[in-house]
Each structure stands twice: as C-alpha cells, then as structure tokens.
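In what follows, a single structure is set out as structure tokens and then discussed.
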Amino acid sequence: MASLEEDFPRGGTSKKTAGSKSTVERIEVDNLFQICEPEVKKRKSSKGDAKGAKKQRSSKEGSLKLNTAEATDILSFKNIKVGTLFLGCVKEVTDFQVTVSLPNGLKGFLPVGNVSASFTKMLTSQLEMEDSLEEISSLPSLFPPGKLLRCVVSGLETTQKGHTSVRLSINPKEVNKGFTPESLKAGMMLSGCVESIEDHGFLVDIGVSGTKAFLPKGKEVKGATKQGGFKVGQHVDCVLKEVKNEGRIVLLATTSSAITQSCAETQHGWTLRNLLPGLMVKAQVQKVGKHRLFLEFLSSFSGTVDFLHMDRDKASSYNPGETLKACVLYVEPSSRSMGLSLREHLLNPGPLLEPVTSDLIGEVFEDCRMTSLHPASGAILELPEKMAAFVHKQHLKDIGETFTSDQVMAKSSHTCRILDFSPLEQMHTATLRRAIVDAMFFRYQDFQPGQLVEGTVSSLLTFGVIVELTDYIKGMVPRIHLADVVLKNPEKVYKVGSKVKCRVLSVDRASQKLLLTRKKALLSSTLPLISSYSGVRVGQVSHGWIVSVQNFGCIVRFFGDVKGLVPVGELSKERVSVPQSLFYVGQVVKAKVLSCDAAQEKLLLSFRAVADKESQATRRFSFETGKEVEAKVLRKHLEGLEVSILPEDAPAFLPIGHLSDHMSNCSLFWGALKEGDTLSNTVSLRTNKSNTILTQKPLVKAAITDGLVAKEFSDIQVGMHLVGWIKDVMPYGVFVEFPYGLVGLAPKSAMSDKFVSNTESVFQKGQTVAAKVTDLDEEKRRFLLSLKVSEVCFEEGDSRRRLVQGLQERNAVAEMVAAKDPELLQYLRPLAVGQKLKLAVDVVSGDKSATFVRDGLSGVSIVATPDHLSGVTLTSGQKVTAIILHVDPCASKIYVSLAPQLLGKRKKLNAGAKLSATVQYVERDFAVISLGDSGHLTIVHTTVHLNDTFRFKSEKMAVGRTLNVTVKEARCEDLGGLPLVSWTSVSASTPSREKKAIPEGVAVSRKHTYKKGDVLTGTVKSVKPLCVFVSLPGGVRGSIHVSQIQETFKKACSFPTASLKKGKTVTARVIGERECSDHKLLPISHPESKFTELELTLLPSLLKEEANLEDIKTGKKLKAYQAGQDVTCFVSKYDIQKKWLKVILTPSVSGTVDVLAMTLDRQVAKYPERMFKMGQALPAKVVGLDSSKKRLSLSLIGVCRLTPGTVTLGRVQELLANSGLVVSLPFSRLGYVSVVDLADSYRPKPLEGYWVGKIVRCCVVGEEPDHLQLSLRASRMEPETTVPVKDPEISSIGDLKRGRLVRGYVKHVGAQGVFIRLSRTITGLARFEHVTSYHVTDKDIFAKHIPLHALYTTKVLRVNKKEGQVELSLLPEDTGKPDILPESLALPLRERGQENKTKDSKKRKRLPGELHKHGKIGTTETAGESEEDDSGVDAYFHEEEEEAPPKKPKKALQPVKAGQQRLQVAGGFSWDLGLSALRPAVSQKGADRSDEEDEQAQKKSRKDKEVEKQQAERVLSKLESELMDPSLRPESASSFERLVLSSPNSSLVWLQYMAFHLQATEIEQARAVGERALKTISFREEQEKLNVWVALLNLENLYGSQESLQKVFERALQYCEPLAVYQQLADVYAKSDKHKEAEALYKNMVKRFRQDRSVWLSYGTFLLRQGQNDAAHSVLQRALRSLPDKEHVDLIVKFAQLEFQHGDVDRAKSMFDRTLTSYPKRTDLWSVYIDLMIKHGPQKEVRDLFDRVIHLSVAVKRIKFFFKRYLEYEKKSGTAESVQAVKEKALQYVEAKGAEGAEAAS
C-alpha cells in the first residue's frame, strides 16, 4: 500500500457509485490514460438525459477520445517537457557530446557530463591529475552510431534565434528514478551504465539507491560487444536475471537473445513512475483512428501509435481487438501520455540500428507525389525512387503563407529537398519551402574549397570572426585571414550584422568546420585555384598564402589543405640568405608548380618562375587604356568572366560590373553568356602583372574616347567632372575608380543630397557614377569627390544615350537566350511593348491575377497582375485582347494588361507636349508608363540622374504612380517607334522661392553708432567657457573674451567666465568689432543673417579713459614673448592624438603645452583630459615658439628649461639592452638613464617593469652636448625624505674606501678580468685571481659562465684616485656570497696552503725592470705551479730551476660533494666543457721542439749532457713509480688499458679512460670506451653500470644530438632501474641549462612514478631553483593527493626546507608552523626548523622559536637537548646577558619539573 500511495497520491472529491464493480474500480485506479466522464453533470435539459445515458452506456470510445484527440499534432518540440522519457538512437558522436535522434525526426544532445556519475567522477579525477585523456574511454568508443538509448529530458534551452535545444541525460539515477529495491522483479529489462570493472565481472549502476547490480563476465558478455568487454561509463541494456535480499543485490544478463525475447509482463508490477521507453509489450487495439491507433497494454495502460510508426504494409488492416507486439517510444509522466511503435526494426532490433544517416540529405527531388496528408501533423511524399519522406506541416508552406490542405493536395507533383534521416522511423524528412529548396548551400557537403560565398558577421572573437552563411551553417575567418595584413583592431573593420564576401579555404565535413578567408588578393584572384593534389598540373600558377618561413624556404598553402614547398633557391631571382626578412606568415603569393606527387601529397613550387613569366607576359602583351579588343569567354566566376584577348590569346578579366552601365543588365549578360562566346567592343582599362582588365560600360568607353579622363594625378583639378565606377563601399563612404587606375573617395556626406545612414543602400559595387572633384591632397596624392545630384551635371543627351544603350543591351540578351531555343526566338522576336495580342484565359488565381495562353506560344507564360485586371471579369477559356507591357526572354514570361484605357485607340502625339503619365510596369532600371489618355506606352529610366539611386520609399517609382512628362520625340526609332519623353515626379516640383521670415531670438544685422573706446552697460545673455555674450542697447550683441574678464586670480586654477551669471548687468568698454553669421540659418536662404558683434573688455586697467586701446585686438606679437616669462593661459581643449593641451592667452595669441610639461604627477599625465577643463585659467611659463612658429610653447611645471637638479616627467623612448633607458623629456630634449640610476636598490633584471611609452618621474643629474643624464632614484627626487637606500649612489671615486662592499653590474669580461659597473662614471676591475676560488686554466670559462649585466656583490681591494682605477674582489671569503662559478663545472680548488709553502721554500726573482700589473714592485704572489695552470697572475723568473728536484706527481683533487651531484671524474675533466675547450693530449709541455733547439742539442756541453742523463733517469723512475702506485692517473692509452685489465668492474677507471679521450677531442673513442665498459662490468655491479650510463648521457648531451641522447636514454631504461635513469637525465638537463627539456621530463616522471616521494621532491627542487614558486606549490598539492597520508608530513617538511634554500622564506616558515601545530611532539621537525632558522632567519625569530620549543610537553630528555642547543646558539651569536637568560630559563624549567614531581609523590 505504501507503494501505491507513493505512486498514486490521494486527492479529488469525486464519489464512487455504490453499484460500481471491482473491475471498474481497478480501471479507475490503474488506467491512468483513460479519462472517464464525471457522473454528476450539469444538465442542460431533461430531454437529452435518456439519450445521453444511452450513449454513455453504449461504448467506452468517448473516454478514449478524451484521452488523445485525433487532431492532436505528432510529437514536436512544443510538446516536449522536462522529465519526458524517450527511446533515442545515437546519430553523431563528438568528443564532448552525443547527438541523439528522437521520435518523429526530433533531435537531442547528450553532454559528456550526463552519462553517469561514475564516468563523470573518472573524468574529474583524471583532469585533476593532469593525465592524458587518451587513457579514458572516449564518447565515440562508448556510443557507436545506431545504438538505442533510454534517455530523459534534463533541460530545454532556447537559442538566440528562438530554436529549442533539448538536453538529454542517460544517467541511470534520472532514467530509473521511479524504481525502488522492492519494485525490482526478475525478468525486468532496465538500462544502466558500467560503474567499475572487477575481476569476475562488472558493477553496473542502474540508478536504484541501495541496490548493487553485478554483471558476471563470460561468453555472453563478450558476445554483447564487439570489443569483447565493457568500459567504464558504457551504456548497457540488461535483464534482471536474479533479485536477492529484497532487491539489494541484482544479478544481470546482457545476452542479445535475452534482451530481444524479454517482454514486459503484468506481474512485473509496472507503474507510471517506472515505465520505461524501449520496453516490448503485448497490446490490444482499442480503436482505429484516421491518423493513429489507440492501444491498451499491461491491463492498465493506454497509448497511441501515430501514422509514422504504423507498419506501412498493414496500415489499412488494423482492427479493434487485435493483439499486437509494440515498443514503447516515449512516456510523458506529467500529462500521462505515451507513444508506441509497431515498426519491425524496433520490435526486433539488432545490436545497432542501421542505417542512421543517408547520402540523399540535401538532394532536391522533383515530381514527388503526395500519398497522404495529415493536416495536424504533416504529409507523406513518395519520392521518384519509391521511397517515402515525411514533410512536417511547418514545411508544407513558405514562411508567412497560410496553410490550406486543399491548396497542397491540388498540386499533382511537388519539388522537395531532403532535410534529414530519422533512424527511429527509418524515413527521410523533407521540406517544400522554396527558400530551402532553391538554396545554394544547405549542408557542409555543398561547400567546395575556393568557392565564393556571402554571409553576415555573427560574432567577433579573439581568434577570428564568425560568419553566418545560412541559418544553420557558420564559418570562421581566422584572424590572419581577416585582411591582407594582420589587423590589430579587427572590431574597427568588422561589425556584427554587416555583410561580407568570403572565399572557402577548407571544409571539414566530418566535424562540420568551415574556414573562410577575407584576403582581398584571394577574393579577387582570377587564376585557377588549387584545391586538391589530384587537380594540380605542372606549370600551373595560382594564389596561395605562406604558413611557415624557414631557412630552407617557405611552405605555401592553397585551398583544401594543399601545401607545397618553395625551396630557398626558388624564392627570388636574387640570392636570399634570410627568408624571414622578405616573407612573413599570412602573406599572399603567386606560385608556379614545378612538380607534383599526388600519391605522396608533395608539391614543389617556385616564386622565381612566376616573376619570370609575368615579366615575359608584360613584355609580350601590353594593351593601352582605351584600346578596343575582341575577347573570348574562357571561364565564368561569380566576380566576372575570365577571357582571352584575340588574336594575341592574352589573358584578361572582365568584371561582372563592367558588362553594362545598368546593374540589372550586368546580371542578365552574365547569365546569358557561356564559355566559348565572343565579346566585341570591349575596351582595355589597364594591364597589370597577371592580366588585362576590360570593360563594356558605354559611358566609360565614351569618356575614354572623348578624352574626358584624367590619365595622371597631375591632370586632376578641383571642379572637374569625371565618369567612373564604384570600387568599394565602406561605412564612411565609397571609393570611385576611374580609367588609368586613379581612385578617389566620396565621403558619406557627399554621396547624396539626402541624409545617408547606411552607405550600402546607396550605391552598389561596380555601378557607374558621375563624380565631381571637390578637394586635392597633392602631398598624399589623394582627392575627394562629390556624387550629389545637385553638384554633378548630367546632360539630357547622355540620359537618352544611356536609355537607348540599356534597351539595346536587353535585346542582345534576348537574342543570346533565344538562340538556345530557335522556336522561342521565332515567337518572341516580333513581340514588343505596346503591341496588342489575342489571348485566351487559362487560370484565374485567388489573388485576382490571371494567366493566358496563345496559339503558337508554347512554353511561354503570359501573366496579368491584379493591377491590370481592375474592372475586368474573366472566366476560364474567355477570349480577350491584351497589350504587352514587358517581354522577359530569360524567364520565358510576358506581362500584359487588360486595362481599358490602354486598349483604346491611340491619339497623335506632338513634340513638346506635356502630359500626365502613369507607371504600368517597374523593374530596377526601367519602367513602362502610359501617356495620359493617348493610348501610347513608352519606356523610361526609373531615375532621372545617373547618381539618383538613393530614394525614400515614397519617392521610388511604383505601379500606379503619376509622373509629369514632356514629349521629346513623338516617335523614336532607337526605342522601336515608342515616344521619347523626359519626366519628373509630381512631388518633385519645386515651389517658387519666397523670402523666409527670420525666427525670433536669431541675431540679425543691425546698424549701430558705437565706436572703439565707448563704455557701455549691458546684460549678460549667455556664458560660455571661453567667452561671454552680452546684450547691448539697440539690439546689438557683444562678446567678452575670457582673457578680458579678470587681471588677477585668487586661485591658481580658476574659471573667469564663471564669475559672470546670466542676467547680470556689466559695464564694459568697446575694444573692436567683427562680422559674424548665425549658424541657425542658411546663408543661401537668409543672407541678411550676418551681423556685427562688438568686442568688449571688463579689465579695470582698460576701463580707465587714459588706457591705450590700439593694440588690444591683435595683442602682443609672438616675438614679444620671452622665454621664462610668466603668463596666464586659458584651456581650450586637449588633443588626444598629438598629446598636447591647446590654450589661449589673448584673442589672437594661442599656445600649446606638451603632456610632459603639464604636471609632475604621473597619474595626472596618464589622463590629462580629466585634469584640465575648458576655460580654466592656468599660470604658465613661456618656453618659446612651437614647431609651426605660429603658436607659443608653454610650460605648467614652473621651469622653461631643464638644468641639473630639475625634477620632471619623461616618456621611455627606447630600452637599451640592460644598459639603460632613453627618455624623451619636455622641451624636445632627450635623456639617458643608466641601470645604476634606475632605483636605490639594484635588481637582477633592472629593466623589468619598463616599456616604451611608460611615463616616469626623473631628476636631471648632468648635461651632455646632445642629451641629459637622468636618475630615477627616489633619494634624488625626494632628498628630504628618509628613503632607505640599499645601494647608495657613487658620485666620485673618493666615495669608495678599501674594504667596502658594493654591488654592481657586469660590464664585460676582458683579458685581465671582469669589469663591473659601479656608477655612471666608475667601472671597477676584478682580476681573475680575485673572481673565483677555483683553479681555472681556460679563461673562456669566465666569459661563458659570467653573464653580462649580471648583478654581483664585490669588495673594494684597492683605489687609485690618481689614475681613477678601482680593483675589486668577487671571492666568497671577501663578499660572503657563493662563488660565481657553479660547482657543476667540477673545477679544482686553488690550494692556498700549498702556495704559501711554495713562497717560502722557493726563491723567486722578478725580471729586471719589470713592474707589477697593479703598479707595485716585488710582489711574490702566484696562483699556480706551471705556466699552463696560470690564472692571470704575474710572471716571474725562476732561478736555478733546472737544479730543483723533479716535481712529484700529485694526486688529482677530488671534488667536494654537495648533495647528489653529477658523477665527476678525478683528473680535472668536466662534463660541462665544450669541444672548443678541449685540447689534444699530445699538446703537452715540452712536446714541441723547433729546429733551432735541435741544432743547439748538437752543441751541448758535457754538463748539459749530464743533466739530460739525470732527467732521463728521473723519467724512468717516474714510470716505475706509476706501475708500482696504481692510485696515480695514467697518461697514455696503453696505461689505461693495463688499468682496466686490473680493475674491470671499476666505473671510475672507465670514466677516467673516457675523459682521457675527450681531452684529446676523440669523441668516438670515448663512446667506444663507454660501450666496452657496459659489456665488461659484471651484471651484479648495478651501481657501476649506472655510473657508465650516466657518463654516456652526459657525453651525448654535450657532444651528441637529441636523437642520440634519446637512444642512450631508452637503452639505459632497459638495463637499469628506470627511476634512477630518469633522475640522472633530469639532473643532466638541469645542469646544462636545458630547462624546457628538464621540465617536460619531470612532468613525465610524476605521472609514471607518482607514488615515489623522491620524484616529487626532485621536481619541486627544480622548480624552486628556476624561481617558479607558484608552480612548485601546485606540485606539492598534487603530491599530497598522490602519496599516502603517512608520507605527507615528511613531504611537507622537505618542501619547506627547499623553500628556505631556494624559494620564499616566509612561505617556508608558514609551512613549518602549520605542520608543527598539528604535530607538536615531533621534536625531529623542531630540530630541523631550528637549524634552518639559525641559517636563514633573524636572531629575534630564532630566540622566539627556542622559547616555543622549551615549553613543549615532551620528555625531559628532549627538552634538555634543546636547552643545550639554545645555550650553544647564544654563546656563539648572543651576548653574556642572553647566555645568562638561557641559564635562568633552564633553572626555572628544572624547578618547575621538581615541583610537579613532588606534587605527584604527595
């Protein structure tokens, strides 16, 4: 009962009758779809009661009709509600969305997030881990097209165009939400999604809370899917095989036989809440309707079957009571409606429903027969191939038409277009709308690469512009294709809603993507297009665009994703060394095909061959402008005709707009011409590189012939009248082109005498116009035009010539069209306007129009519109007489009129007669009019003037409009005998000009008697910012300039005119007068509006009688102003483009203030227009005259020139590569800022934060002839403030003292040492022995590892003020900073103690007269033991060196280990050295001997021979010692061979052997030794082998390629532990500054070894060393999600240690504090924290940390340890008082513990 109450809640007030049966009660409860009439009814009359009762008892059909009315529409978008369950079919699948086909041709969309909760969770976790999505099952793999789905409507959305979008969900929790565990029964068929994959099966989510569904693995599962198994998220249809534990455990089956044979039964307990679509049911026919069936099933449900889902073979044989098998299509719970299907493909479905699409989509079929019409739903059409197609009722008519079934059924055949294919109905859907049937583009398959299309701009995005081509098809114009050049601000060119013409670049029909181009060169290209490799022919020349520029050449792309290579040798005739300097990506080029391999899709192109061909063509064919030629049509384009000039066979192009002066004739000509036709009387306009442009415009040809053209720009004069054509229409005007290539601009205001709001509605591209030159810009070679009818003359003879020419062109088109059908030509040729015909009425339409037939005119339609049948009653077959209005040969149509006034007898016309005419027929350019009651018809232009194309609707010519005409010729032979007239519109008559009254309040010219010097009293009329208007006695107006109001100002910035209010009475003096005109009136209509205005002054000094007024008006001359003079100026306006402030001083003197001279506040300088207001008075200083010499240049910052100490604003003009800034200053000065003057605290990247155009505040510190020295130091600009200065300014060498630490930037590395910039004028030298603690033999190492402009801390060693020399030290012991050379170089340390011993034991003597390099004599320092190891120290003479005992070979220094470093080789070799740093092994000391030495050897004395003998003995003893002492390093290959034989498993020996070869630049031998080592070392010695692998990785990284390194790496992974190899390669990358490769490797490592903590630590260390603190923090968060909880604490501590060493100390302390708050008893962490704080933190924080530790509640033994450390720290770093304080704290702790023990004991 609980279930029933939940499914069917109580409610309602109806009573049950006492006599009702139990069956009836059950039906009332369960038959939710059968609505019965209420028993209590309101009676209308007693007579009908018995009859009504009888009808109610007769049958139950009345109740069924109430449930679903027969006239109800089939399922449509307006019937769909949220929560409706559907049976759908997968139609299309993308990566993030599934398109599902629904019943009755509807569509829905299934987003990726609506599949199932488990699939969404898996996607989310993978995205958070940043793993590749390739490992996840994609939607295409889960949902193959044709798969049936149970889905529910989760949302309805309305698009911008008003269409409904249905969002679906197959989440089992939504589809099966009506089920409970108790309602599950064995045998039910449900749908679910695979939740997880287990060892023996699959957990399936069926959406029932508290129920686990399991699908065991087996053959049946493998057979259910093609892949042999399911994936997580896959949709599964299954049968409940077994239900256990009251529905908490369910066993499923998915065999196709079980699903196909399953049928919903009554015992399953189906209810409205859980009834699912896709169920197979046994149903009984209750009623057979006209368009549907009514079925009853499961004893309590009823539903309908619409005509689309009836079995077409049995549609007429269904009978009531018949039992059928049906499939549930949809269930709508809220309205309790249900649809079913009887189609065979749904009753016995296979794994997939096929087909799901059709190749016929988009096809147009004619002669289709309508087999059935369902007025409320649609109609069924039978296609010519006996296929059925459904047409929805909305597609039976065009938009805006009314639908009548009789009108549709009356047509015997229909033309339709296939819209789509519905898989559930296995039927096409079609449309009868003419707009769709006739549409050129319907689907993406209709577009071809290279095709020209027109569309509307839909939206502007950062990557391009979206263009809407049809209602359902959009294309994208990439940003690089918006124009021939890359547009920085495309929004200025493209507006949403504007029409654009594009060319198709490529079409991806599978993903429905369309790429377009707006490049003008591609749009107007007349060359053959390349759109496929198969269509390419060798020698073809075509336009393309560059997509890549490389050193080996350019890659050019054509249409349809065809690409080709232009080698560097084919780029130009000249040799091109750097292609990037000549070509750029996106550039449109012409390329010639040299070779093509269509199979391999390879194309070889040439630019050079095109240039050669064009130059030859230009030399061969050159047609002068105006030459008449004959052309043959080769190819037709939408832009025009591609022709060949005969007989030269020269290529040419005839644009479609140049076929005629009439635009309507242009389209007619283009449609009538065909390939192969010959055109005569064409004229050459111009010849460019590729071809010749031709024209057939009669007016243009006449202008060229008569010489009424401008051949050059110098021929153009203002006022000249020219004939041209519209080249381009822009929002701001139109460009007009003339013969000889001249182009002028007609602005928007000069296009028409009327106001133009949209330029596209006035003129059309290619239209012929007459223009008048109004302005010339000779400097820029530009000119402006006017197209106004009132300004451009067009003679009456020209109008006649244009009319005659237009009609002749119409006749020529008719001849060409009729030539295709000779019989049609024979019938139409004698017909003309005004001719009478005997006709028979064929059909009279409902709109009162009629069609006629005539004997002998088959195939021609004769039509009369309702306007020409007024007052005439027609019947079918009636014989009538009609008069011809127009003959259209293209459409095979004749327009006639039956108006009685036109059929009467014609009267005689006389030239000059003026008549009233009526328009009878109108086209775009021509109209047919009737001349009063004379019975004559004639043809006129629809416009009087060539440019009169812009008319309002009321002015346009329309049928029935009355015109005033004047007969010019009663019979004109050129018009075929028709009268020639001129006309004007009735509304166009101009009334006589009358004198117009002047409105009140408008100033008029009045005579006055005032003279200069008169003192007047007036009333303020109006107040403006720069002047005040005063009304004077006698109606005279006066004006007071802002400079004539006050002499002194109380405030620095005030508004003088604000002191005067409207209506105030003032006393002023006349200082002059001027002529003015009122702008409210037009001078041409009101010439008397000009008046005299008096100039007045209110200055007290000028109101005195003795004041001189002679020079007041003109003011002081400009030369009278001196630089530095204080003046008061008044703000006029701020010029944003020129960045200056315009001001006025007097009525005749103005000036400008540069933005840098306005203020010293940088914020004000950013937006000066907000600071200064019009009329504001400002104190200023005169700087001088500006560049125009007509204005003053002023300054508002209190100075007029820049001197040392002046603080001013500047604008960064240039950044000089880490050496400083070039700054533009006020008063046209330039300044230079050195890097040491940018701030009081130096930064490693000093120029970071500066950019060109940035405004800076600077101080002038020095002056040079051509520039000023500037400083941006805050201490310079604000010396009175106590600004902390970390790096004080060094103004002179006297500021440097010995031992002082200073910082500076590396200037360069020289032969003597490193030069460091300390200030603008001082540079110090750090000699090489004072640069590093390492022993460096190769000075190139310094230049390589000390970057220029790096910031270092140095110590001053010596200061030589006399010579201006400063010697510095960079040694760590002097600066306290790390050594500047990295440890990775593995350089040996310089032995300080050994050097001291050498100094004491050996006597060294300086060469006679030799001075020390630093100016001291007798210095005995040395830094090496041989010339080869000299590090730049002084040279000394060694006495009696030959008598010294032979030097014992010492052991090689072992590098100091600091953490895990790269494997080093003893002997001084570094893996980081390049090949240039290596020296051959044979180049040893004493190895080279000259011929001169050989000669001296023959003359050696006895003593010398004795010495040689001793040396030979010493060499032998050395070899013996080497053999006896294996620790000594061998010095030959044979020695190493002996050594590796004795120690074959020692990686150190093998690495030394490799280093020996590398020192001799023998790279291959070193590789060979490494390979031998890998083969020789025992497989048990894993670490030794790993050392060799690491050495090979280093070797390939330094001397090999990336491919060879990758191969060694892959081999190492096979033989060693992968993690160790990854770690070593990452270290190799990091230490060789290959940061990108290292980071990529680390990202791979954290995915592959995410459970290893060391990998995360290594990655974090790398990022922190690179300064990527935020990235390291995110890595820590990822690591915490990947590692077990028990490792989190140690990981956080390790990262905190890394932050201390390489990152942010504050963040590190915060990490430690958070961790120790959670784990306060981890004393090991406290100890680490203390160590790090002692090293990196201040003393106060260290003491605070110790105080926190000693108060922890831990064991006494541990606290004692911390007290000891505390005491040691204070003894080392503190004072006696702090030591005593620690002891007292320890004593207090002991006493407190003792007291606690005593209390515990008591």
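Glycine is no exception: its Cβ is also placed from the backbone N, Cα and C atoms.
Features as listed in TrEMBL:
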type     : residues  : note
REGION   : 1-23      : region 'Disordered'
REGION   : 40-63     : region 'Disordered'
COMPBIAS : 46-63     : compositional bias 'Basic and acidic residues'
DOMAIN   : 83-171    : domain 'S1 motif'
DOMAIN   : 187-255   : domain 'S1 motif'
DOMAIN   : 278-343   : domain 'S1 motif'
DOMAIN   : 450-519   : domain 'S1 motif'
DOMAIN   : 539-608   : domain 'S1 motif'
DOMAIN   : 719-788   : domain 'S1 motif'
DOMAIN   : 1013-1087 : domain 'S1 motif'
DOMAIN   : 1124-1197 : domain 'S1 motif'
DOMAIN   : 1205-1273 : domain 'S1 motif'
DOMAIN   : 1299-1371 : domain 'S1 motif'
REGION   : 1372-1459 : region 'Disordered'
COMPBIAS : 1389-1399 : compositional bias 'Basic and acidic residues'
REGION   : 1482-1513 : region 'Disordered'
COMPBIAS : 1503-1513 : compositional bias 'Basic and acidic residues'
REPEAT   : 1653-1686 : repeat 'TPR'
### Query
What are the helix, strand and coil residue counts for the repeat 'TPR' (1653-1686) according to DSSP?
29 helix, 0 strand, 5 coil
### DSSP-derived helix, strand and coil totals, residue by residue, for the domain 'S1 motif' (719-788)
9 helix, 35 strand, 26 coil
#### Entry: the domain 'S1 motif' (539-608), counted residue by residue under DSSP: helix, strand, coil
10 helix, 35 strand, 25 coil
### Task
Go through 278-343, 450-519, 1299-1371 and flag the stretch with the largest number of C-beta pairs under 8 Å relative to the domain 'S1 motif' (187-255).
278-343
### Query
What stretch in 83-171, 450-519, 1205-1273, 1299-1371 has the biggest tally of Cβ pairs under 8 Å against the domain 'S1 motif' (278-343)?
83-171
### Task
Taking helix as H, G and I and strand as E and B in DSSP, count the residues of the domain 'S1 motif' (1205-1273) in helix, strand and coil.
6 helix, 35 strand, 28 coil
